[in-house]
Amino acid sequence: MASTASGQTYGQHIPDQVERIASVTDAQLELLEDVRDLHRERAALEREYAAKLQLLVKKAAEKKAKKMPALVVGNEPTKAWDEDTIRKSTLDQAYAQLLTSMSDAAQDHINLADALNGQVIDPLKATERKHEEAKKKEMQYYQKLLSDRDRAYADRIKSKQKYDEECSEVETYRQKQERSADDRHAERAAKQYEQQQIDMLNSKNAYLISIAVANKVKSKFYEEDLPALEDQFQDLQTRLLTRFVDILKNAQEVQLKHLDSVRSRLTACEAAFSAVNPAADQDLFIDHNVAPFSAPADWTFEPSPNHYDHGDMSVEPAPKVYLQNRLSKCRSKLEELEPVLTSKRKETEQLAKLVETYTANSSLGDADEVLDNYLDAHHSLTFYATSGVILTAETDTISAALGGDEGAQSPHSFKSTSFSIPATCAYCKSSIWGLSKQGKTCKACGVSVHSKCELKLPADCPGSRQSGRGHLHSDSISSLSRASSVLSHTSSTLATGQATPTPSSFAPSTHTPEESRPTARVLFDFTPTSPFELAVSAESTVHVLEEDDGSGWVKVADDSGGKGLVPASYVELLDGGQTPRSSTPSLSHQQTSQDYVRGVYAYKAQGPDEIDVEEGKLIQLTDGPNGGKNYADGWWEGIDASGKKGIFPSNYVEDA
């Protein structure tokens, strides 16, 4: 007999609650039905997922068969290959294992669906049906008990009614006997009365018997039959829940076996991918793509079909001047390039070490980001090195042709110039005119030439000789682009006595040195008549970018950033200590921001415009459109702990 954890039973503690107890059994059966439906739908989902997974694997296998040969042996291999060749690739093996694992996983899901049907859904349905029938039998038994009890109750009531009727008849016969006492029927009436009394007493006895029977039946019903029935319901519910729990535990075992199977598939895939050997696959690709190769032959001089000539360089007087000027310019650019190459090589080597370190220990940070930085630095170094090869080749070729005759060592210091009025080219003697910088003017001696005539003019600048400075560097710092193999002029001036240009001098900075920005006051209003001119108002302040080269025009910039030409007679230079009346903050003024960076590597300043970077030390970035991180590509501007402002390589620091 079932009982609760504390030993209580339905029959003892909740008597006469059969229908309420039966409703609990109904709720349990409904729970079984819900769980059975849950697992039935789960099994359907498993089959649907398996079908979609199999379709996915099929499509992937078809793509693999088409694309894997190109991945293993290339699109046009030079050596014959077959399917066995493709299967030698460790990547192909790993991919095949992945597809096999997914296909087997699909079958595992089908097996799981079958197991759920056979070991969970069907047993739940059978248990539900069995206990539903048992519950019906118990309820039928309960109805039979009620019927037997009610029959005994009805017999008592009928006996009582019979007894009451007999008592009434006795009274009737008694009255009839009294009326016929002197009648000739008195004897018969007396006999009838006596007989009725006997019938009444018999009814009384039957009534008393029915009372005793009803009481006994009642006692048995409430003390024995009903508690036993309730205890049977309790036992039925216990068995139902026990069987329900056993089925669900079996369902968990089925799913655990499925997970073990899936885990084994994943382990096999992991092992296959761990076995991928890029070097072996690359050897396989090389073996099937080896082809004869020879570098293109060196080019040689090819004479024009219209003019016979030889392959020796011309060193006649006019061509020699061109060669001498070009040699001087190439050497100047090489001097500027060497520190950049040295810095880039050092940067590339440091980043290469970082790639190895981050690859070996992923907890340090994102190795892919470090690799991207290394590749960018290596690409930049390659372009710089290509520029160096070009300049070296030009220098060696020209030096060999000149044979030591490098001409005068007083080159002109040319700058690009616009000519609003015609000027005469010092070389070809023709006119130079135009506002789009058609020519160049020497800042030392004032001579003007066409841009195409710059290298044709002999390097005998009288201004350079009179100043006693000897050979001058080119007055523009070369700006080297990562994507370009040639050097181009900018407008920054290098003094002869200064050291070799620093790497930061190659940054495409938009800054203008403070010493090259004299301030001027506008005397008259000026309205531009061309897009090359700038509108200015009287009494305003401008900054002179290019002084009058004899054309009667100066190039200026106003405080709002506008640049253009104005007549030289419309402006008046101010003394260094004079404050303009309508002055606004100087263009060179730098405001500091609240952004800081921390040094990752130590960097030693290589020029007066740079600052040192110390590992772990903070640098405050400057503000403005041309300050801080906006200074130049690869170079930022900031203020160190000592208060010195300067620029530094951006890849030597990180955000603080």
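First residue shown is number 1, and so on along the chain.
Every residue, even glycine, has its Cβ placed from backbone N, Cα and C.
Please treat TrEMBL annotations as automatic predictions, because they have not gone through curation.
Summarising the annotation, TrEMBL assigns domain 'F-BAR' to 1-281. Looking only at the domain 'F-BAR' (1-281), the predicted model's pLDDT averages out at 91.
As annotated by TrEMBL, coiled coil applies to 28-55.
Annotated domain 'Phorbol-ester/DAG-type' per TrEMBL: 411-461, in sequence order.
For 490-517, the entry in TrEMBL reads region 'Disordered'.
Taken from TrEMBL, the feature compositional bias 'Polar residues' covers 493-511.
The annotation domain 'SH3' is assigned in TrEMBL to 515-576 (among others).
What TrEMBL records for 592-656 (among others) is domain 'SH3'. Across the domain 'SH3' (592-656), DSSP helix (H, G, I), strand (E, B) and coil residues number 6 helix, 30 strand, 29 coil.
Scored by C-beta pairs under 8 angstroms, the domain 'SH3' (515-576) has its highest count with 411-461, from the stretches 1-281, 411-461, 592-656.
Secondary structure by DSSP for the domain 'Phorbol-ester/DAG-type' (411-461): 6 helix, 27 strand, 18 coil.
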